[in-house]
Amino acid sequence: MKKLRVLLAAVVVLGLGLGQMAMAQGDDEAKPDNIAVAYSEDGRYFTEDDIPTYNVAEDGTIDWPSYSGFRRYHSECHVCHGPEGEGSSYAPALKKSAIDMDYYDFIDVVTNGRKRVDAADNSVMPALGDNPNVMCYINDIYVYLKARGTDAIPRGRPGKKEPKSDVIREDENACLG
Amino acid sequence: MKKLTLLTSGIALCVASIAVANDDLVSQMDNSKQWAIQTGDYKNQRYSALDQINAENVGDLQVAWTFSTGVLRGHEGSPLVIGDTMYVHTPFPNIVYALDLANEGRIIWKYEPKQDPDVIPVMCCDTVNRGVAYAEGKIFLHQADTKVVALDAKTGDVVWEAQNGDASIGETNTATVLPVKDKVIVGISGGEFGVRGSVTAYDMNSGEQVWRAYSMGPDSDILMDPEKTTHLGKPVGADSGTNTWEGDQWMIGGGTTWGWYSADLEENLMYYGTGNPSTWNPGQRPGDNRWSMTIMARDIDTGMAKWVYQMTPHDEWDYDGINEMILTEQEIDGQARKLLTHFDRNGLGYTMDRVTGELLVAEKFDPTVNWTTGVDMDPASETYGRPAVVAQYSTEQNGEDVNSTGICPAALGSKDQQPAAYSPKTELMYVPTNHVCMDYEPFRVSYTAGQPYVGATLAMYPAPDSHGGMGNFIAWDNTKGEIKWSIPEQFSVWSGPLATAGDVVFYGTLEGYLKAVNAETGEELYKFKTPSGIIGNVMTYEHGGKQYIGILSGVGGWAGIGLAAGLTNPNDGLGAVGGYAALSDYTALGGQLTVFALPN
């Protein structure tokens, strides 16, 4: 039953294509839907489990946080991870990580970093926990990358976007200090 | 007899300073059978007098031997050859191998420094290293974590170590060092982390610091004499390193120094360029931001600046000025001049008098460059030496949170650090270039020590209305400021070429090809696909009567990051994914030296 509801939500809310539907069907039953919008609040969108997610309206308008994530990603992450979450010769494709990883694990790696250093690998993710340019926008970056991972937002600069809500503006100012 | 030829050529060039120069390295560089310094010579010409491999026979070139470095990352720089020994370096962890050329490349020694891997992610744009240097029986390695190490060239034992910077605040190193006279001169990276750039001279024998010159700050920090140091012929005046910054922003001002250095022993000057001012959001740092984006001429012994020239005042596009300064002796308007030629990220090729700092030529070396209409060349003008910025492409004038579109070149520049070559035979410069444009949207960021300090979103794409590729390999007449010929390339050319007396120019491509072209015409004479993309520089040496060509493969660097997934063209509208070639369709990570020779 839950699966059906998820599928319906995906089709109705996001207008996802057949590819995404097939993917959703193939998912492990136990894995919660990490994409579909359950509700929105002050211009931000969330899943049933209160995990931030993106929203693309029927006319292609994207939510403000995803747009903000596009900008912040290409300022803070792009120089290692390549354009549009595609990955590089240096660092992995984050559009995949945002889909494959649990939200809390994703936040944990960004905050505290991660090391893979051995004979074959010299891969180190820095701890960005005290970087306001990243942490004040971490949910924005996360939802943008999820949208890239599902191809809900194509490569390149997003087109139409929702306006920045007053609450988002206030939160941003409070966070940056 | 050999000594005589050395002497005669030496007399013409630098007889006055031979006694005080580093005799060992100078004589090693004069022996064209060796590759004794990353840049070919102090002039950064990347030219070899070897001519066994020439335009007639280069088509027969074969792989002679190969060597895996054991590291899979961007491999910049090249090996050195001194006598029977080849010295090969790697990206982080910065291993150095000494290979015995007289014994089929057997490893004589291997040095692997212990470095905290936390330095890896603060190295913006890959863990590259542009190679070791040699002088007086020592190999000099400047590690990623900014430790400078002198190794015994025979044994690999550490002779001395010096800590140049602090990786925990984003100070790192990617560059080689300049051994000159009794000093080793080194730079620093970290412009994207708010590092204040500097060059530092260490005593070659003890590792003691001799002098340090910052790119911005008080006169005592930047080693400038308000009266004697000149900018386009005029004294720089007091406080020139602080009075074009707001408040104390100069303290995190950038202007890092990660390029290639050259030296003129006769003038006792060393030359280098400084990088972009931090942040990439120009609205956040009003003023000219001196001396970021500047060509510097400093006294080798004291570090005092003789002359400077700021190419891009108040950078709005991340056009670092760190690219190499190539020194030549040529005629301009019938007059013999000591010249300095520099291909800047901003797309302009500058030719200057390297003794006086007079600006002689400033012309676009890629016709698509559009952010400026050109440089004011009138010494009587108030804006003498300044580029005229086109308002449409000014990210400052368009303002924060505005996306400025169609700016050429992109932030990676019409040319990045990949050094050009010069042939005294053809009097042409051979220049590896990027043919990429961008959209640029600056916005406000806050500074945290050791964290990225960027403040702009960029989208890059191949130059519109051109051949569709992302690079060109060009021949440039630096006395006139004209392109002689241009070879379109699918990807940016990120490899330092080699010009030889055999009338051949060699360069590598991001797909992994080593190419040989005719020095006069650019006609392709040979190509071979190596195991990984090439961002290293071509070198040559002679051993046992045979000339060899060596090149490191190992894709990475800015090129590997920006181009791995291919670029999109925002003008194509939504859904035009994969409109441009992805580098990952052509090559994968690697780390290999390939050495070529003619068949027996």
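Glycine residues also receive a Cβ, built from the backbone N, Cα and C atoms like all the rest.
TrEMBL lists B:GLU76, B:ARG130, B:THR174 as binding pyrroloquinoline quinone, and of B:THR242, B:THR244, B:THR256, B:THR274 the one it places in that same site is B:THR256. Per TrEMBL, Ca(2+) is bound by B:ASN276, B:ASP318; the candidate from B:GLU171, B:GLU192, B:GLU427 named for the same site is B:GLU192. In sequence order, the recorded positions near chain A (CB to CB under 8 A) are B:CYS125, B:GLU192, out of B:CYS125, B:ARG130, B:GLU192.
Other than the site residues B:GLU192, B:ASN276, B:ASP318, same-chain residues with C-beta atoms no more than 8 angstroms from the centre of those residues' C-beta atoms, the Ca(2+) site, are B:GLY191, B:GLY254, B:GLY275, B:PRO277, B:SER278, B:TRP280, B:ASP315, B:ASP320, B:ALA411, B:VAL454. Annotated pair B:CYS125 (disulfide bond) and B:GLU192 (Ca(2+) binding site), C-alpha to C-alpha distance, rounded: 10 Å. If you check the binding-site residues B:GLU76, B:ARG130, B:THR174, B:THR256 against B:ASN276 (Ca(2+) binding site), the ones with a Cα inside 10 Å of its Cα are B:THR256. For B:GLU192 (Ca(2+) binding site), the nearest neighbour among the listed binding-site residues (B:GLU76, B:ARG130, B:THR174, B:THR256), judged by C-alpha distance, is B:THR256.
In this structure, the C-alpha atom of B:GLU76 (pyrroloquinoline quinone binding site) lies 21 angstrom from that of B:ASP318 (Ca(2+) binding site). Counting only the Cα atoms, the space from B:ASP318 (Ca(2+) binding site) to B:THR174 (pyrroloquinoline quinone binding site) is about 18 angstrom. For B:ARG130 (pyrroloquinoline quinone binding site), the count of additional Cβ atoms within 10 Å of its Cβ stands at 27 [all protein chains shown].
For B:THR174 (pyrroloquinoline quinone binding site), the same-chain residues 6+ apart in sequence whose C-beta sits under 8 angstroms from its C-beta are B:GLU76, B:MET123, B:VAL128, B:ASN129, B:ARG130, B:ALA144, B:SER189, B:TRP258.
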